[in-house]
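Heads up: the structure comes next, in structure tokens.
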Amino acid sequence: LRLLLKLLLLLLGQQKHWPERQQQQQPQPWLDRQQQQQQHNQQLQKQQWPEGQRQQLWPEQQQQQWPEQHQQAQQQQQWPQQQPQMQQEQWPQQQPQVQQQQQWPQQQHRRQHGQQQQCMNSQQQLQQCGQQQQQQLQQQWSEQQQQQQQQQWPEQPEQQQQQQWPEQQQQQWSDQNQQQQAQQWQAQQQQQWPQQQQQPQQQQQQQQQQDLGPDGVGIVVPYLGSSPADFEVQNLGVSVLPRIKLPLPKFDNDD
């Protein structure tokens, strides 16, 4: 048993170290190929471009390639400096447009304000003209009336006024009397109107009381039907039309 265990341990230890040994023993062809390719490329370069030719050709190529690269670098460096110059060159052309855009609402507002002021001024002028015309017309009218009155009323107007005054006074007095009478009549009507309305009601009630009679002299037959038919008076046997006053028969003591 002990031997078997030792053998198993040895086998396991060999299996653990086996891949490392295998890698060490196995060759690596791809590394060799890379090294060989690099060496081959170096040899080709040496053959095609010897050291003297490379030294001779390099300054010319460098001179040709350098200005192009230098120009590009200068352009990149100078571009932010040139940009404001271009903006400054174009700015005077763009500036009037901007000023026009900025000034346009102000000018429009000024125009509108000027038009409003003109309208207000024109309205004020019209009002002033109308007032002046009214004043002129009133003055002319008053002057004409004064002239006509002076023509109609000569130097002695008081006498004519005294002559005409009684007639005018009588007419005015009669007019005032008529107005007062009309007002009094209206007031009387307003006062008498409820009394006149009450009078027919009182008369109707009195007529009904008279028809019935306190002593039983007469009787009223009410209208009960929908058509004017004859009705009999209660306990009398007499056929009468509605609302006709009938005398009651007189009964003797013997009957």
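Positions of Cβ are set from backbone N, Cα and C atoms, glycine also.
The repeat '1' annotation in Swiss-Prot covers 18-48. Sequence annotations record features per position, and here Swiss-Prot assigns region 'Disordered' to 18-90, 149-224. Look at Swiss-Prot and you will find 18-210 tagged as region '12 X approximate tandem repeats, Gln-rich'. What Swiss-Prot lists as repeat '2' is 49-57. Taken from Swiss-Prot, the feature repeat '3' covers 58-65. Residues annotated as repeat '4' in Swiss-Prot: 66-78. According to Swiss-Prot, the feature repeat '5' maps to 79-90. Sequence annotations record features per position, and here Swiss-Prot assigns repeat '6' to 91-103. Annotation source Swiss-Prot lists repeat '7' at 104-140. According to Swiss-Prot, the repeat '8' annotation covers 141-152. Look at Swiss-Prot and you will find 149-210 tagged as compositional bias 'Low complexity'. What Swiss-Prot lists as repeat '9' is 153-164. Feature annotation from Swiss-Prot assigns repeat '10' to 165-172. Sequence annotations record features per position, and here Swiss-Prot assigns repeat '11' to 173-192. According to Swiss-Prot, the repeat '12' annotation covers 193-210.
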Task: Sequence-remote partners of the repeat '8' (141-152) [C-beta within less than 8 Å, at least six residues beyond its ends] - done: none
Task: Counts of helix, strand and coil residues, the repeat '8' (141-152), according to DSSP - done: 12 helix, 0 strand, 0 coil
